[in-house]
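> Got a structure here, written out as structure tokens. Questions coming.
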Amino acid sequence: MKKTTLLVILDGWGYSDSDYFNAIKNANTPTWDSIWQEFPKTLINASSLEVGLPRGQMGNSEVGHVNIGCGRVVYQELTKIDKAIEEKTFGDNKAIGAAIDNVIKNDSNLHLIGLLSPGGVHSHEEHIFEMIKIAKQKGIKRLYLHAFLDGRDTPPRSAEKSIKKADKLLQDLNLGYIASVCGRYYAMDRDNRWDRVEKAYNAIVNANADFIYDSALEALEQSYARDQSDEFVIPTCIKKDGHLVKVQDNDSVIFMNFRADRAREISHAFTDESFDHFPRKKHLNINFTTLTEYDSKLKCAVAFPPEQPINTLGEVLMKNHKTQLRIAETEKYPHVTFFFNGGREEQFEGEDRILIPSPKVATYDLQPEMSAPEVTDKLVAAINSGKYDCIVCNYANSDMVGHTGNYEAAMQAIEYLDKCIARLKDAILEHDGNMFITADHGNADMMVNPETQKPHTAHTTNLVPFVYVGHKKAQVALEHGKLSDIAPTLLNVMGIAQPKEMTGKTIFNFEK
């Protein structure tokens with residue numbers, strides 16, 4: 001019977017001494033409190049340069065899991081694209097050049113789709129603005145921006161500033177206009193809510209929407225009047241001089257998001273010949289280009305293809321003939337699989353995966369426990385089975401409920417998680433295993449912005465916990481650690497040599 005090493009990633013569980021609308025600190029968490037007092041622990045970095053992001057940039061789930069799973073600082077797409085813009089090589093990119101050439105050759109339209117936001121988690125509006133300028137320089141005559149609105153990694157009603165910037169730039173360049181707006185709730189689903197994606201797709205491609213207005217700003221104002229914040233803006237078309245924009249054959253579409261997980265579904269709707277999740281009028285003959293690779297199965301050009309890291313934690317475990325399990329509910333399943341494996345879709349030999357469906361609710365404050373009880377049932381069974389050397393799991397609650405801005409619901413989510421942690425602790429200690437608890441970034445640790453007194457729905461840049469639960473004696477060996485130090489720590493406790501590609505350091509030393 002194997003002694004399991006378990007890594008528990010509490011998504012969005014940051015650390016803050018402040019009790020100001022801190023759902024984690026103010027929730028009733030007897031198990032977490034006792035673990036924090038009794039077992040070896042430290043705080044580690046999960047944002048900024050320490051995870052390969054620009055200085056001061058908050059971390060996110062994709063970045064966090066890549067850094068944890070790879071055991072090294074992985075420089076993120078945001079950083080790479082920023083560098084290309086800074087070095088003035090962005091416009092020389094082959095895939096972007098081909099998309100522009102297609103438009104010029106066919107005298108067709110260039111469509112930019114993506115999250116118009118300064119959030120820096122899924123996209124950055126500066127990339128969109130740079131793309132607009134390059135299109136003008138390259139001789140594009142008609143450019144249409146289909147703006148997805150944020151309100152999740154940014155304040156809930158903050159899109160006006162971004163829309164005004166985009167409007168002014170397009171007007172100054174006499175190039176085109178914002179042709180549709182849509183909350184990310186619709187265009188950037190990742191939970192197979194194809195009815196949402198269908199609404200976004202139809203607005204962009206067919207100019208078919210529930211609402212039509214004369215400007216993007218008017219669309220936003222009317223959405224607010226319906227009490228729909230940026231994230232939930234119903235897909236809306238913009239009519240200019242009596243004209244509605246559609247995506248037509250021979251057009252080029254460039255998807256400006258750099259993060260994969262919430263860009264996949266609508267990309268498949270654009271590109272799959274045999275797409276069947278909702279009816280399309282026809283399969284478009286277009287040039288579809290993505291800023292980064294969203295899914296290796298997508299048939300499209302990629303401007304910044306991925307670099308495949310070697311000797312990730314999963315690969316090292318496989319090479320050492322260890323069994324491993326990855327488990328999460330739908331919202332975070334790609335993170336413990338694709339992202340944790342450094343952008344690899346395929347399972348390693350000896351790697352099992354369990355996907356627990358996320359509850360079908362409009363927003364997760366309506367069901368703060370999400371699917372944590374079911375995840376825990378499967379986890380406890382896996383520990384008891386003695387089948388796995390290493391288990392990696394993710395609990396989505398503190399992030400997904402944190403994003404709703406509902407403080408009371410976030411506290412309920414934390415309290416549900418505390419009960420789950422109690423069950424895991426008992427199972428691990430009973431079987432003489434090792435459990436590490438950490439987070440990929442903060443979120444529920446600040447539910448209200450202290451400066452504005454408004455709901456804070458974005459991630460935080462706070463440190464995150466890293467705690468060891470087990471019978472081994474452990475001492476903190478590394479102060480000021482970071483997410484990339486977690487994999488070396490797991491290898492250390494498992495007695496496996498750390499490969500040279502892993503540049504992280506072990507956080508705890510364990511008595512032999």
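Note that Cβ sites are derived from N, Cα and C of the backbone, with glycine treated the same way.
Since this is a predicted model, take the numbers as computed values, not measurements.
Below are the features I grabbed from Swiss-Prot:
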- Asp11, Ser61, Asp440, His441: Mn(2+) 2 binding site (BINDING)
- Ser61: active site, phosphoserine intermediate (ACT_SITE)
- His122, Arg152, Asp153, Arg184, Arg190, Arg259, Ala260, Asp261, Arg262, Lys332: substrate binding site (BINDING)
- Asp399, His403, His459: Mn(2+) 1 binding site (BINDING)
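Map the listed features onto the structure and describe their local environment.
Under a cutoff of 8 A between CB atoms, and with a sequence separation of 6+ in the same chain, the neighbours of His441 (Mn(2+) 2 binding site) are Asp11, Gly12, Gly14, Ala46, Ser47, Met58, Gly59, Asn60, Ser61, Val63, Gly64, Asp399, His459, Thr460, Val464.
The Cβ of Ser61 (Mn(2+) 2 binding site) has 28 neighbouring Cβ atoms from other residues within 10 Å, across all protein chains displayed.
Same-chain residues at least 6 positions away in sequence with a Cβ under 8 Å from that of His122 (substrate binding site) are, in sequence order, Leu115, Asp153, Arg184, Met188, Asn257, Phe258, Arg259, Arg262, Ala263.
There are 24 other CB atoms within 10 A of the CB of His403 (Mn(2+) 1 binding site), with all protein chains counted.
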> Please work out the number of neighbouring Cβ atoms within 10 Å of the Cβ of Arg262 (substrate binding site), leaving out its own Cβ.
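So the Cβ neighbour count for Arg262 (substrate binding site) comes to 22.
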> Round to the nearest Å and give the CA-to-CA distance linking Asp440 (Mn(2+) 2 binding site) with Ala260 (substrate binding site).
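Per the Cα atoms, Asp440 (Mn(2+) 2 binding site) and Ala260 (substrate binding site) stand 17 Å apart.
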> In whole Å, how far does the CA atom of Arg190 (substrate binding site) lie from that of His403 (Mn(2+) 1 binding site)?
15
> Around Arg190 (substrate binding site), how many other C-beta atoms are within 10 angstroms of its C-beta?
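So the Cβ neighbour count for Arg190 (substrate binding site) comes to 18.
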> Whole-number Å only: compute the distance from the Cα of Ala260 (substrate binding site) to the Cα of His403 (Mn(2+) 1 binding site).
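It is 19 Å, counting Cα to Cα.
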